[in-house]
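Peer 1: Look at Swiss-Prot and you will find Arg94 tagged as active site, proton donor, backed by a curator's inference. Taken from Swiss-Prot, the feature (Z)-N-(sulfonatooxy)alkanimidothioate binding site applies to Phe46, Arg94, Phe130, Val151, Gly186, Phe202, Val243, Gly269, Pro299, supported by a curator's inference. The Fe(2+) binding site feature in Swiss-Prot is assigned to Glu259, Asp263, His267; the stated evidence is a curator's inference. The feature repeat 'Kelch 1' is assigned by Swiss-Prot to 34-82, with sequence analysis given as support. The repeat 'Kelch 2' annotation in Swiss-Prot covers 87-133 and rests on sequence analysis. Swiss-Prot lists 139-194 with the feature repeat 'Kelch 3'. Under the heading repeat 'Kelch 4', Swiss-Prot lists 203-248, citing sequence analysis as support. Annotated repeat 'Kelch 5' per Swiss-Prot: 252-307, in sequence order.
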Amino acid sequence: MALTLQGEWIKIEQKGGPAPGPRSSHCMAVVGDKLYMFGGELKPQFHLDKHLYVFDFKTNTWSIAEPKGEAPSLSCLGVRMVAVGTKIYIFGGRDENRNYSDFYSYDTVKKEWKFLTKLDEERVPEARSFPAIAADDNHVYIFGGVSKGGVQSTPFRFKSTIVYNIAEGTWSQLPNPGPDFEPRGGAGLAVIDKKLWVVCGFANSTSGGINDYNSNKVQYYDLVSGKWIEVKTSGVKPSGRSVFAYAVIGKQIVIYGGEIFRDENGHLGPGTMSNEGYALDTETLVWEKLVDGGEPMTPLGWTANCTGTVYGKTGLLMHGGKQPFNNRTDDFYFYSF
């Protein structure tokens, strides 16, 4: 019998205000009763604005935060965001000319930006787009992503994981995961029970980019023992995919959609998107397929997504993304079970 998990999609009403509109390759995070959103593209490879959009779950309205302090100077796509306490952290991304952005924080109480790290300099992380991001109370974790070259000779995609110590304001790198660990962009990253989980992503082939592929591997780094482990999962496994939506719900990593076959024109084309969802139990290592309730979902990838607690439940928040005909949407959804 196939393993399934019943949940419900809720389409979030957007009642007004200066909304971000249709876009993909953007990022978002929740602090309290507000969601913060940044970056993205409407046409493939062309960035949009550099506003920080704020959605208020109490009123279901959008606003734009005043760019107070050391705000990002570059409008970018492939950027990532995570919340720690009352601050959000924004890492990387690029514009259509492959100018790359840096590392910033935004204090949601003071409503003020702060520049933290100039990327691509000695002894700091190299600039990149489409990495994966996660955090615990003390650290921001960045895995993989697409390189621009930087100060060192790098692969087209990274397989390294870099760590920002929030209290000290310093960067370090986790141990090398070994030769069999795939360099990837557009992967999922989550911290659960002192383990840093890496899920799926678009991987480098051994033939130098000709046969790059979407992976469905799952690995974790044990933050206590300092070791990388590749796990064997069972159940109803997802196919290989990248740039999917994901969130942590309890001990489960929930994923939705994503690109399952790359377009022959790369990022410029529509690719083949999925409309399936899955949940991985990180204790039993069993995948279950999500049975959708509520709003029917279209194949979708390249969304902004995060874990959020709204309507009294914790679940997956997802905005925008690329649809099957290479169009972008501004739909806003919440999934929980």
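Glycine is treated like the rest: Cβ placed from N, Cα and C.
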Peer 1: Closest of the recorded positions to Val243 ((Z)-N-(sulfonatooxy)alkanimidothioate binding site), Cα to Cα, picking from Arg94, Glu259, Asp263, His267?
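Peer 2: When the Cα distances are compared, Glu259 comes out closest.
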Peer 1: Please spell out the DSSP helix, strand and coil residue counts for the repeat 'Kelch 4' (203-248).
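Peer 2: Per DSSP, the residues of the repeat 'Kelch 4' (203-248) fall into 0 helix, 22 strand, 24 coil.
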Peer 1: Sort out for me which stretch, of 139-194, 203-248, 252-307, has the most Cβ pairs below 8 angstroms to the repeat 'Kelch 1' (34-82).
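Peer 2: Top-ranked stretch among 139-194, 203-248, 252-307: 252-307.
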Peer 1: Among the recorded positions Arg94, Glu259, Asp263, His267, report those whose Cα falls within 10 Å of that of Phe130 ((Z)-N-(sulfonatooxy)alkanimidothioate binding site); none is a fine answer.
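Peer 2: Of Arg94, Glu259, Asp263, His267, within range: Arg94.
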Peer 1: For the binding-site residues Glu259, Asp263, which one has its C-beta crowded by the most other C-beta atoms within 10 angstroms?
Peer 2: Glu259
Peer 1: Validating a neighbour-count step here. Other CB atoms within 10 A of the CB of Gly186 ((Z)-N-(sulfonatooxy)alkanimidothioate binding site): how many?
Peer 2: 27
Peer 1: Around Phe46 ((Z)-N-(sulfonatooxy)alkanimidothioate binding site), which residues of its chain at least 6 apart sit with Cβ under 8 Å of its Cβ?
Peer 2: Glu96
Peer 1: Cα-Cα, whole number of Å: Pro299 ((Z)-N-(sulfonatooxy)alkanimidothioate binding site) versus His267 (Fe(2+) binding site)?
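Peer 2: Cα-Cα, rounded: 17 Å.
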Peer 1: For Phe130 ((Z)-N-(sulfonatooxy)alkanimidothioate binding site), just count the other CB atoms lying within 10 A of its CB, please.
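Peer 2: By my count, 26.
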Peer 1: Going by DSSP, how much of the repeat 'Kelch 2' (87-133) is helix, how much is strand and how much is coil, in residues?
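Peer 2: Summed by class, the stretch gives 0 helix, 22 strand, 25 coil.
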